[in-house]
Amino acid sequence: MITIDFSKGLVPTIILDDHNGEVLMLAYMSEESYQKTVETGYTWFFSRSRNELWNKGATSGHTQKVKQIWTDCDNDTLLIRVNQTGPACHTGKKSCFFHLIKEGD
């Protein structure tokens, strides 16, 4: 079993759409929210602004059913592939990444 490195408190977590690989959002997980995610099969995060756990979609219904959980080479960043119900972003957009800053040639 791989041990995730929570020594710095929170772990950046990238959420991908399992159907097409699109990046949906970036959030942070505490050890407790990670355990809840593993146990329930739905994403749980730690809100830095509210200083509390939150279950993605609990209020909006826009849930994220976990399909796969990956870790990076240092075990301090997570990538989770999900089946997304509704938009992932609180703005109503499918992805939180919709502001293009620069486009290459």
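Heads up, the Cβ atoms here are built off N, Cα and C, so glycines get one too.
Since we're looking at a predicted model, the values are computed, not measured.
As recorded in Swiss-Prot, the features of this protein are as follows:
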BINDING   Asp72, Asp74, Asp76  Mg(2+) binding site
BINDING   Cys73, Cys89, Cys96  Zn(2+) binding site
| query | Among the binding-site residues Asp72, Asp74, Asp76, which residue has its Cβ surrounded by the fewest other Cβ atoms within 10 Å? | reply | Asp74
| remark: Fewest C-beta neighbours within 10 angstroms among the binding-site residues Cys73, Cys89, Cys96 belongs to Cys73
| said: Cβ within 8 Å of the Mg(2+) site centroid (Asp72, Asp74, Asp76 excluded): which residues? | reply: Asp5, Thr71, Cys73, Asn75, Thr77
